[in-house]
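Asker: Sharing a structure with you now.
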């Protein structure tokens, strides 16, 4: 048995294939493995869409198969206070938050880690995220790298982690491609081998986003206008729309000036007037940004920067890396200038920075720097 036999790892068991294979791999590596299933949302009795019971059953079946103990914990109160209330406040302010990033920060790598540490006496926690750790020579501080499977890389969602959290966390599937993960699950006859990956915001599930949000925030219908002020439609609430959005405007059949038949996109939200500004064509100047201003800056493995820095940035998940220049304003606020103008830069979302495969950190987009030709 390897030296790992004296190390206890608590695996976040979600009922999905990634956490299932993570638990299997860690056991193969000789660790003392136990599972912990988190319930982060209290569904109503009539909310049939919620899969928590099914996910727990799948997690239990996997743990039984692997002969590991499964603990359960309810973090619904922490989730409501630290994630969901922020989510609502951001939408109420006309911004577009990313609750999955905050869930990782406040729940999976904070509340979960604290419980595993203080109650279960863990040496490490482990998650089924597609990221990797690296320990540079002569430096005990670990870095976070993109997952080997570029299509599944989740470093964008984990940029808020600290060196200390990364050092205490294992990511067994980060070195694997997704098809390999499923192959291992099938070989081990795990019930989750062919289970569909979860998508969307965890507490909304498969239900329509507008229906869910409307339960918590009153909708405020208003006009959809062109940049020139012509009313061309109605929206049901600014919170239901995001910059660069094409679908859901319900003005698709309307021609613009001069018979322009290009599709319509959300170009701007006028919060003061409760008006949605729509523009035609994906190359419209109003959709473009030269850069952004961001706050809540967090570096994974470095002190706050004092000088201008070149790197790449993602302003949304699955986006190609954008070469950029970071100009520090103070320890928590920065200005980012893109090498080339970008579309759909959205306040409330995260700008995450990279040097090659290393995730450097990230920040919350406060406002975009509009294209000077717009």
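Cβ from N, Cα, C; glycine included.
In case it's useful when we look at the structure, here is the feature table from Swiss-Prot:
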- 103: active site, nucleophile (ACT_SITE)
- 202: active site, cysteine persulfide intermediate (ACT_SITE)
- 12, 13, 14, 15, 16, 17, 18, 19, 38, 128: ATP binding site (BINDING)
- 103-202: disulfide bond (DISULFID)
- 129: site 'Interaction with tRNA' (SITE)
- 349: site 'Interaction with tRNA' (SITE)
Asker: Long-range same-chain neighbours of residue 14 (ATP binding site), Cβ under 8 Å, sequence gap at least 6?
Answerer: 37, 38, 55, 59, 128, 198
Asker: Tell me the Cα distance separating the residue listed as 'active site, nucleophile' from residue 16 (ATP binding site), rounded to the nearest angstrom.
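Answerer: Roughly 17 Å, rounded to the nearest whole number.
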Asker: Are any of 103, 129, 349 (the recorded positions) within 10 Å of residue 18 (ATP binding site) when you go C-alpha to C-alpha, and if so which?
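Answerer: Within 10 Å of residue 18 (ATP binding site): 129.
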Asker: Using Cα coordinates, what distance in whole Å links residue 103 (active site, nucleophile) and residue 129 (site 'Interaction with tRNA')?
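Answerer: Here the two Cα atoms lie 13 Å apart.
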Asker: Around residue 103 (active site, nucleophile), how many other C-beta atoms are within 10 angstroms of its C-beta?
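Answerer: I get 25 for this one.
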Asker: For a quick check of packing: other C-beta atoms within 10 Å of the C-beta of residue 349 (site 'Interaction with tRNA'), how many?
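Answerer: Excluding its own Cβ, the number within 10 Å is 24.
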Asker: Largest pairwise Cα distance, Å, within the listed ATP binders 12, 13, 14, 15, 16, 17, 18, 19, 38, 128?
Answerer: 16
Asker: Cα of residue 12 (ATP binding site) to Cα of residue 129 (site 'Interaction with tRNA'): how many Å, rounded?
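Answerer: Distance between the two Cα atoms comes out at 10 Å.
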